[in-house]
Every structure is written in structure tokens, then in C-alpha cells.
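K.L.:
Let me give you the structure first, and then I'll get to my questions.
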Amino acid sequence: MQDYIPPKKEHWHGRTSDAELYLHEKVELKTISKIEKSKSTFVLLGYACDEGVKRNQGRIGAKGGPLVIRQALAKMPNHLEKNVSLIDAGDIICPNGDLEKIQGALAHLVYELLQKNTIPILLGGGHDIAYGHFNGIKKHLMEANKRPSIGIINFDAHFDLRTDDQGPTSGTPFFQIANENEPFHYLCLGIRSDANDKKLFQTAQESDVTYVEKNTFRIQFTKEINTWIRAFMEKVNHVYVTIDLDGFSSAYAPGVSAPSPLGFSPDIVLESLEIIIASGKLISLDIAEMNPKFDIDNQTAKLAASLVHTVIHSEFP
Ligand SMILES: N=CN[C@@H](CCC(=O)O)C(=O)O
Ligand SMILES: [Mn+2]
Ligand SMILES: [Mn+2]
């Protein structure tokens, strides 16, 4: 496949030990066809594409996202049990701007990873990653059930519910999913009224979107937020989590296409992830909008890598 780059050893560096103390020593590099069926395997797949951001008039650079997240993760300590595997499966790329094709290719690879019972962790790339990612999950679940029940939990400043009448962009993925899926289960955490216009709030209302605005998505309201997340998850059988790094305050995440000075803090995201993972419904996860061009001292890459580190070290029921 010309839009796929196999994993590379040179992307994984750090301190060395004789006991797999670091993740670059633990990670296995495998192309997707070589990955075996296993329940306790996390697979990293990069979406090195910022075509959707470009089309959405954003600041390009997110195609470099997967590499810097890997490089930060490589140096982090490995506390994984021996029976848990971490695999890097390489990157999807978008060399000629054919976003629709790349989203289709991504959906196919996600489908293959889920057929192998692994837990995909996708690294972006623009938030158009969500459309391909969701379709891969859907294809996999449709083999068992014609109408799978999938809830999307998006940590984001934005709804990303723009219409796709001019084609897909990083601002349209959830509009596309809403249009093609009935019912549409979508929970947004961290929405900012200074980053979404009236039409987007109206589309959210018409599509029955549940959302928590940024002023409420704070650690002080953990109890209430946990109740809302649990209530949302009750309605669905599977949960797909997508974390748009631009939802974090730019004090934590300057390296994104559309920064949020008044965004949320990592602590409430970690609390929420704990509840979601403990539910046993998390099927797949991605981290989107990492843009190394605007990062400062690798803070955003390290934040993204720490989120991956937290997820892979969590107990999956
Ligand atoms: N994926 C990002 N989407 C945002 C970008 C906002 C911006 O460029 O300021 C959106 O379209 O609303
Ligand atoms: Mn966003
Ligand atoms: Mn987004």
C-alpha cells in the first residue's frame, strides 16, 4: 500500500537497560499483517496527515504528530506485565491530498486490528482521523451485529460538526458520522463557547449531542462529570474515545493546530479516562491534532505520550 509506512527502529530511542526498563526496549515493530490475535496487545498506528487541517484553513504541521509522540513515549518507563504487548504498526500517510482515500485506508487498518482482538491507539494527525477510525470500529462490530451501538466520547474544545458539503476536513468528522448513523451517540467534553459558533451549537442540539462546556469540565465537578459519563456509557455497548489535544489549555498543549488558552487541564481528563476504561466498554482510542511545528520544549508531545502511557498501564476489565 503506497499510503502506508512500516514502523521504524530509528523512531524508538532512549536510555538503555538490560531489563526492558524503557518503552523503546519493550515495543515490538510489526506491520499489521504480522500482528497475531491477542487480547492484551496495544497497537500504535500513526495517522501522519494534516490534509484535513489544511482544508479547514488551519495551521498545518500535524502530519509530524505521530513521530514526536512516539519519540516521547520511547523514553518513558515500562511498567507493563510480561504478557502485555506494545506494538508499533507504522503510519498511514497522505502524500497527494486524497483525504477521502486515506480515511478509507485507515478504516480498513483499524478493522484489521480489531479483528485481531487488539486495542488500537491511533496517533494523529488532524481530527479527520475520527471519521476513518469510527468506520473501522463500525465495520468490525457489524460482523456480529448489523446495528452496533457505539458511543463516541470526544475530549475537545470543538464539536467538529461542520457540514461536509465542500468535502471532509478536520472540522467535519462528527457531522459525517451523525449523517450516516442513526442513532448517533456523541458526548463532547470541554466545549468552548468562544470556539464554536451558533450554527455548531444548533447542529449539536439537532443531533442530540451531549456536551459539557469547558467551564464545567473541571476537577471541582468530577463527581457530576463521572455521573454524566456513566449515564452516557449506559446507553451504548462500545465506547470510542478521541482526544483532541487542542481541548487542553495551551499552557499544557501549545503544539496544536488551533490552540486554546482557556482550555481544560489534564487532571480532569485522567479522571474521566479512568471511569471510561473501568467500564470495560472502551474499544479503541486516538489522540489527534498533535502539531510539532508549534510545540514548546516537546510539552504537547510529552502530554500526548503520557496519555498513551496512562492508557496502556491501566487495567482493562
Ligand atoms: N479540528 C478542528 N476544528 C476546529 C478548528 C478551529 C480553528 O481553526 O480555529 C473547527 O473547525 O472548529
Ligand atoms: Mn479541537
Ligand atoms: Mn477536534
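Glycine is no exception: its Cβ is also placed from the backbone N, Cα and C atoms.
Nobody curates TrEMBL annotations by hand; they come from automatic prediction.
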K.L.:
Looking at TrEMBL, which one out of ASP18, ASP244, ASP246, ASP267 binds Mn(2+) 1 in the same site as HIS127, ASP156, ASP160?
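P.N.:
Site partner of HIS127, ASP156, ASP160 for Mn(2+) 1, according to TrEMBL: ASP244.
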K.L.:
Write down the Cα-Cα distance for ASP246 (Mn(2+) 2 binding site) and ASP156 (Mn(2+) 1 binding site), rounded and given in Å.
P.N.:
7
K.L.:
Write down the Cα-Cα distance for HIS127 (Mn(2+) 1 binding site) and HIS158 (Mn(2+) 2 binding site), rounded and given in Å.
P.N.:
10
K.L.:
Once the DSSP letters are reduced so that anything not helix or strand counts as coil, what is ASP244 (Mn(2+) 1 binding site)?
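P.N.:
For ASP244 (Mn(2+) 1 binding site) - judged by DSSP and reduced to three states - the answer is strand.
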K.L.:
Taking every protein chain shown into account, which of the binding-site residues HIS127, HIS158 has the largest tally of Cβ atoms within 10 Å of its Cβ?
P.N.:
HIS127
K.L.:
Enumerate the residues of the same chain, HIS127, ASP156, ASP160, ASP244 excluded, that satisfy the criterion Cβ within 8 A of the mean position of the Cβ atoms of the recorded Mn(2+) 1 site; list them in sequence order.
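P.N.:
Result: ALA130, ASN154, ALA157, HIS158, PHE159, SER170, PRO173, PHE174, THR242, ASP246, GLY247, ALA288, GLU289.
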